[in-house]
Amino acid sequence: MFDLALLWETRELILQGLWNTVWICFLGCLVALSLGLVLAALRLSSPRLFGYPVACYVELCRGTPLLVLLFLLYYGGPGIGLRLDAEIAGVTGIGLYGAGYFAEIYRGGFKSIPKGQLEAARMLGISPWHALIRIQIPQMLRLIVPPGTNQLIILVKESALISIISVDDLTKNATTIVNQTFNVIEPYLAVALLYWMIIELIARGGYALEKRLANRQPRHVAQPGDTAHAHG
Amino acid sequence: MPTADTTTTPTAATRRTRGEAIVEARGIGKSFGELEVLSDIDFRLAPSEVVCVIGPSGSGKSTLLRCLAFLEPYDHGSVHIDGQLLGYEERGGMRVRARESRIDAVRAPVGMVFQHFHLWPHRTALENVSEALRLVNGLSRRDAEAEGMAMLERVGLAERAGHFPESLSGGQKQRVAIARALAMQPRVMFFDEPTSALDPELVGEVLDVMKQLAHDGMTMAIVTHEMGFAAKVADRVVFMDQGRIVESGPPETLFRTPRSERLQQFLNTWRERHID
Ligand SMILES: Nc1ncnc2c1ncn2[C@@H]1O[C@H](COP(=O)(O)OP(=O)(O)OP(=O)(O)O)[C@@H](O)[C@H]1O
Ligand SMILES: [Mg+2]
């Protein structure tokens, strides 16, 4: 029997878990997206200095389970004087871990921009910095929307691991309800549904963004007659 | 040949410096690893001079242009743009690579047009043309776009201003690329096979724009396989083979009475391919 009343009674725990999962994932993904961009941009603009360190970082992220990273931060942190709240450890863990993946996704995006476009920019006197933010990053972002969306989804799902370092997220609170009520199916199904909703939102956001970026129509521009002055 | 004395472009300054080279390369050499691609090249462009560079594939034509623009650092010799050494500076009696900002400043008079256009696909034609005006010259968006429109008009593409590169034909893309280079008011333009990536029926529109430029007095170095164009427009034709300049002179001389066997061969091959 599916007991809806049970879910209603425990709604506060479920909502608290939802809220914690949402904000921790949001901040964690934000860190991952931006730190990843910094890493990829460093690697791109001076490969000799940053190529190797960033590559090592990426390999470390790929080679370490998120859970181990969370343990290191939360339980190992105090050993080096780093005392983090479980939530902050969660944000940091997801951020650092995701950054490695995003750095690699961004790199793929950067790599598929033909080098000639940058040479054209150089020949016009456009500085490497301007070329990065006006020419490379906008094009790269367009290219990485699908793999980036995918990676965000994976991060949100993996975020369930923060329950193990005692964050009251969706997964942990569902378990708490299970332990209190001895009902297994309802709480876990409910949180499964909630995870699925978050992920569906991200996926739709991704599609919308992809469409928006791809479908730019010819823009109306002022014709010579309307402009302040036109040279002959 | 193309007289500079038409009304529009050559400035008083251009005329004053006539006789002094805008681009002066002496003894430049370039290797990629073991492979010597340029050896001991002297190359000079006087104001309003149009020079076409021809030669077989792999002879180093692109590399020469790229070295003259320092997109590829040359190993030996020197390139001066408007009297300034490009790419290197003396420091403590040693020649070291100059700072990027210095390189940008010295090559500012040079505009470049590539075989594959290299437009920025996420920007409209007008944005492609006005981008550098905003970023480099610091013009407001409004002024930059007004200036950009003027450049697009010059290449006959004003009505395509709002289009993205993907919706332009090859010939139109190349004309936008030319307008983009012109927007920075270069004193000399380098073209690397500007029509080689185009369908044959689109070649003409690009060559027409270039002819007009030559007619307006623009100094140009053009790597091309368009012998007809070279014969008509060039003041001088340079024939390269295996990283060296083998022959150089007015097109009539070079095409009618090639001295070297390699140029004769090259021209014969070209004729065989084009007369059937
Ligand atoms: N970045 C590079 N690294 C290594 N070798 C290169 C590089 N660029 C050019 N080369 C080599 O240098 C030689 C000259 O090349 P270049 O592109 O200058 O010839 P080209 O005359 O422009 O030929 P084409 O008519 O085919 O464009 C070729 O053998 C080419 O393989
Ligand atoms: Mg070439």
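Quick reminder: no glycine exception, Cβ is built from N, Cα and C everywhere.
Because TrEMBL annotations are produced automatically, they should be read as predictions rather than curated entries.
Marked as domain 'ABC transmembrane type-1' by TrEMBL: A:18-203.
Look at TrEMBL and you will find A:20-42 (among others) tagged as transmembrane segment.
Under the heading transmembrane segment, TrEMBL lists A:54-75 (among others). Remote same-chain partners of the transmembrane segment (A:54-75), defined as residues 6 or more beyond its termini with a Cβ less than 8 Å from a stretch Cβ, comprise 39-40, 42-43, 82, 84, 86, 89-90, 92-94, 96-97, 99-101, 103-104, 158, 161-162, 164-165.
Long-range contacts of the transmembrane segment (A:188-209) within the same chain: residues 2, 7, 14, 17-18, 21-22, 25, 145-146, 148-149, 152-153, 156-157, 160, 170-171, 173-174, 178, each at least 6 residues beyond the stretch ends and with a Cβ under 8 Å from a Cβ of the stretch. Here TrEMBL flags A:188-209 (among others) as transmembrane segment.
Outside the transmembrane segment (A:20-42), and at least 6 residues removed from its termini, the chain residues within Cβ reach (under 8 Å) are 49-50, 54, 57-58, 87, 90-107, 110, 132, 137, 148, 152, 155-156, 159, 162, 167-171, 194-195, 198.
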